[in-house]
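Listed features, source TrEMBL:
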REGION    1-25  region 'Disordered'
REPEAT    96-130  repeat 'WD'
REPEAT    137-178  repeat 'WD'
REPEAT    228-269  repeat 'WD'
REPEAT    272-313  repeat 'WD'
Amino acid sequence: MALKNGTTKMEPLNAQQQPKQSPESHSVILVTAGYDNTIRFWEALSGICSRTIQHPNSQVNRLCISPDKRYLAAAGNHAVRLYDINSSNPKPITQFGDHTGNITATGFHAECRWTFTGGEDGHLKIWDTRGPVITRQFDHESPINDVVIHPNQGELISCDQNGSVRIWDLSANACTHELVPEEEVPLRSVTVASDGSMLVAANNKGNCYVWQLPKGNESSDLKPITKLNAHNEYITRCLLSPDTKHLATCSADKTVKIWNTENGKFTLEKTLVGHQRWVWDCAFSADSAYLVTASSDHTARLWELSQGETIRQYNGHHKAAVCVALNDLSMY
């Protein structure tokens, strides 16, 4: 994790522009939000809250920092609000979503050409960031709980309340795969390896399912690798580390577990204990050595994973902190 806090120089939202780089591109951006209608930026190492943005009329369900570290997307009820990270203006620069009910997932194309949203209304939408306008929409026919973008930037992977995982091919404009590991058991979270090698989905029974994803000219079938009985209560988030060597699972049991993915065995390596209530979300550092977690106990924590210990706690939220975003990746 970088030792320097700050942000990059902002430019108007334009997908055709190349992001400008500066020494600040090495900075750490750490953000949390939740049910107290605030978004908080933190100095990662000191634990000081450096900025607070009010998010009126809605809780924040998910946060996502754009890959160029210029914008923050905050998904709430009906809409996503997009904030200029480097501006002192507390108001969003634009708003999009057009969902009925909560938006549960949002994210950016690698070059910020488009964003996506998924919601409780069962709709998965893709937006041109220059508008923003909807360029396409897919229907899940069940409330969507999570969506991730495949590293190839050409597929979206979603999971829903009916217990299905769907893979959407954006060039074919169609669903190419549907997986239902346990009938009518809601799938809460999905994560895909940064090298595109595997997919993990986690459900309300505390189980994780792992599939090997096809590569290149291989058969398009997904091969089951393992089923992991990770927790005895809900899993709220599963996340593969950037180096793909570990899987983090957050749970209603107040813990986060770190699993070693070597050889597809998924052996338990660490159990992170310290939060007093449900742990809702997590984010790895770029080097996979640290994890930030957000909890209903109103706090976020920074964990050093080799020892499995909290090295910083972030206090300031007055209600549940349910989402976290971290980008400490150098832009050079």
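Cβ atoms here come from the backbone N, Cα and C positions, even for glycine.
Curation does not apply to TrEMBL; its annotations are automatic.
Contacts between the repeat 'WD' (137-178) and the repeat 'WD' (96-130): present, as 3 or more C-beta pairs lie under 8 angstroms, all at sequence separation of six or more.
Panel annotation: around the repeat 'WD' (228-269), residues 188-195, 197-198, 200-204, 206-210, 212, 275-284, 286-288, 291, 293, 295, 303, 305, 308 of the same chain, lying at least six beyond its termini, place a Cβ under 8 Å from a Cβ of the stretch. According to DSSP, the secondary structure content of the repeat 'WD' (272-313) in residues is 0 helix, 24 strand, 18 coil.
DSSP places the residues of the repeat 'WD' (137-178) in helix, strand and coil in these numbers: 0 helix, 25 strand, 17 coil.
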